[in-house]
Each structure stands twice: as C-alpha cells, then as structure tokens.
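Q: First the structure, which I've put down as structure tokens, then a few questions once you've had a look.
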Amino acid sequence: GSMTLFAVITIILGCLKIGYFVGFSECLSATEGVFPVTHTAHTLVQVYFLWGHAKDIIQSFKTLERFGVIHSVFTNLLLWTNGVLNESKHQLNEHKERLITLGFGNITIALDDHTPPCNCSPPTLCSAISHGIYYLYPFNIEYQILASMMLYVLWKNVGRKVDGQQHQNVRFKFRGVVAGSVLGLSVLATTIGVVVVYLIQIGHSKTNSESALIMFYLYAIAVLMLTGAAGLLGVCIYRMDERSLDESRSPARKLDADLLVGTASGSWLISWGSLLAILCAEACPPYTWFNLPYSVLVIAEKYIQNLFIIESIHREPERLSEDIRTLRVVTVCNGNAVSLSFSRLKSGAVAGDVASPGSETTPCAAHGNVGLREGSGREGDEGSREGTPGPACLPHFLQGDGKRRVLKNIAAFLFLCNISLWIPPAFGCRPEYDNGLEEIVFGFEPWIIVVNLAMPFSIFYRMHAAASLFEVYCKI
C-alpha cells in the first residue's frame, strides 16, 4: 500500500518533469522529455507486477527469473541514486544561501540554481513546477527503495522450498490504542508546525536562523527522549516475558532487520561527525551546543528502537489470552470416578489449580491422568513451554491483555513518531546542512559529501521503521 502511494506521487513527479521540459524545450535535449514518460510507464508496469506476484515463489525457469528480477532490483537502485543526486543539487544550493545568511563568510562558494540557459514561458508556472519537482523527490526516492526491497525478496524466494507451516494472517484492529495514538498524533501535529516555522525562519536573517535551529533541536530532543523511553519499555517487557522465538526461515524478515541496522548507520555517521565537530571546534555558536544531546540521542534512540522491532518480529504471536484451555482431573474415590473440569485456565496458573482440588479430596487417590487441551494450538506446545517463565514474572498490569495493550500503544506511538521524524529531513528541514560548524572543522566539500551520502539512508530508515512498526502492531 505504501509503495502504491509513493508510486502515484512518482507519476505526478513525472508529469511535472514533462511540463518542465515543455517550458524549456528550446534548450533541453529530447531525452529530458522521453525519460519521465518512460519512467512513468515503468512505474505502472512494476506496481502492477508487484501487486500480483510479490508473494510468488517461482519454481520454473529459475535462472531466467533470477536474472530478470535482480536486473529490476539494480534498475530501481540506479533510479534511486538519480533521485538522490537531483535532490542534493537543490538542497546544496539552499544550503549555500543559508550559510551566507548565518554569517559564515569564510565559506565562499558560487551559487548555482541549476536552471537551463534559456527563458521559460510562462515564468510563474515554470517556477512553480521547478519547486514542486524538488518537494516530490523524497516520495520518488522512497518508492524506488521500497520496490527494490520487494523485488529483492522475490529474488531470494526463487526456487525456495516452502515448509508446510502456514503463518497466521495479521489484521489491523484499532482498539485499545487511544493513548499511543493521541500522543503520536500530537507529535505529528507539532512536527508539521515546527517544519513550517523552520522553513519560514531559516535563511532570512542570522537571528531568525539561530532561533529556528534552537527550536528544532529542542523539539527533536524531546521527541527522541519520548521514543527512546517507549522503545526501552517495550524491550523490557519482551525480556521479562520470555515467549518462544519464531526460528522459521524468512528472507523478508531477515531483510527487514538488516535494513534497519544498515540504514541506521547513515544517521550514526552524521551524529558522530557533529559530536567531533563540537568537541574539536575552537569556538562554537550558542545554538550548536543543542546539537550535542541531539546527536547522542539519535544514536541511542535508533539502537533501542532497532532492538524493539527485531525482538517483536522474531516473537511468536501470542495466543494464550484468547485460547480456552480445559483441565480435566480424573480421581478415583471408593471406586467411583469423579471428573472435575476447569475452563479458561492460564498456563501460569495450572499448577495452583491442580493442587487445590487435590487438597479438597484428601480421601481420594488422585491418579496422574491430567489432560490439557488447547483449542487452536499445535501438538507439543505444552512440552515446549516447560521451563519457560510464565506471565507471573510480569507486574499485574502487564499480564494477559494488559501486556498486549501496552505493546500495541508503544507500537502505535513509535509508528507515528517515525513518520513525524521522517517529515523534517524529507522536506528540507536539515540542521546538518544549516548548522555551519561542521563545514568549518572538516571543510565544506568533505562534510557535504558525508551528508549527501548518509542523509538518504537516514530518511529511508524512518519510513522503513514505520512500515516495520505497523507490522509489529498488527502482529501483537
């Protein structure tokens, strides 16, 4: 669904590019008009293919299929690189203007607006199209990488032998997550306001730019502390309640975990660079000190969130709270069989309930024929749970449905927070560009290369984490 949404916006981007080509047709090559048409056709065919065949496991013509699918993967990665490059040109030009406004006079770089050397008619429409193109590039970038992921999983599944185990279908249910949703929506609304104010204030004057940077850092620190605390609570709940892990082979799940760790390294690289710049700089403007806790929290928050997501996707779905278990105790008292049935017994309370009827029937000799029947479980589940700490290890409010409710609220809150943290860098609110201190310490070109390489991974991490958290929410 998210891939289709981004694909629609990619098609809109292609239409704007066609309009841009028509406006500057006098001085642009014909390939500038052919490319968006071809890209739009490729996007439509690819989305149709993935909707119908993303879950297929191909068993015939395997060599040909592997070649075709991996070729599609690298085609999407090439288009992703092209999108990143085009967006970086626009961001770099804005970055130069903001540095001049902040008073970093020792950074002297000529401005380049990357416009063709001819006039466009009408000028107002051409200007609107040019700005619209760069605001839609983040969606195009996300689409290319999502399509690459799905095609990669399809490639890994070519010729795969499927085990007989059928996985349960996950369903989205919006119940019992009011607290997490309200808090997450509040963060999302605040994010939109902060981004609007930041984009209005930054670059207009030195005072306004410094105020915008301080506002962004304070907001980001508060959000990162909340998300880090929520993720840490979720990890603690999982560690206290040791459910069995799902060890079945799943290329999609392994790719999810690898991408979470791999793409997080982008923001970790930027954060470590900012920390070194703050510590090594001879003089720091006041607003740069807010970058110190911000950079530390970025590293810690992503580490904690990755732990929570990976713990969640490797856990077996919890069914104990919904199962009806019947414990049947058969005793013999003076030759007469007495049958006692207890319904809705939890696994943690079985031992205590067995002992109580025994104490009440002391004259009777209790035989060890105790049967535990699970309505929807598998054979041998009881044996696999022996020796595993039960729900009694958790506090009372985290037992049964209470634990699931808390985890669902955490997943819903983190889902909305990751969307909130995706919005600022995707739409031009990037203090890594606007701070200015790193350019003085490392030099303009080295730092810009680092940011341009790492920032796309950081943006993708937030969207991929949001998708993984939605899956976690449906699975809990």
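Quick reminder: no glycine exception, Cβ is built from N, Cα and C everywhere.
Take a look at what TrEMBL says about it:
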type: COMPBIAS; residues: 375-385; note: compositional bias 'Basic and acidic residues'
type: REGION; residues: 356-390; note: region 'Disordered'
type: TRANSMEM; residues: 134-155; note: transmembrane segment
type: TRANSMEM; residues: 176-200; note: transmembrane segment
type: TRANSMEM; residues: 212-238; note: transmembrane segment
type: TRANSMEM; residues: 410-428; note: transmembrane segment
type: TRANSMEM; residues: 440-461; note: transmembrane segment
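Describe each of these features in terms of where it is and what it packs against.
A: Sequence-distant neighbours of the transmembrane segment (176-200) (same chain, 6+ residues past either end, Cβ-Cβ under 8 Å): 212, 215-216, 219, 223, 226, 405, 408-417, 419-421, 423-424, 427-429, 473.
If you look at the transmembrane segment (410-428), the same-chain residues 6 or more away from its ends with a CB under 8 A from one of its CBs are 91, 94, 135, 138, 177, 179-181, 183-185, 187-188, 190-192, 194-195, 198-199, 216, 220, 223, 226-227, 230-231, 233-234, 305, 308, 312, 455, 458-459, 462-463, 465-466, 469-470, 472-473, 476.
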Q: Report, as numbers and ranges, every residue of the chain located at least six residues beyond the transmembrane segment (134-155) whose Cβ falls under 8 Å of a Cβ in that stretch; write 'none' if there are none.
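A: Sequence-distant neighbours of the transmembrane segment (134-155): 2-3, 6-7, 9-10, 12-13, 16, 43, 46, 50, 53-54, 56, 58, 66, 69-70, 72-73, 76-77, 79-80, 83-84, 86-87, 90, 251-252, 255, 259, 426-428, 456, 459-460, 463.
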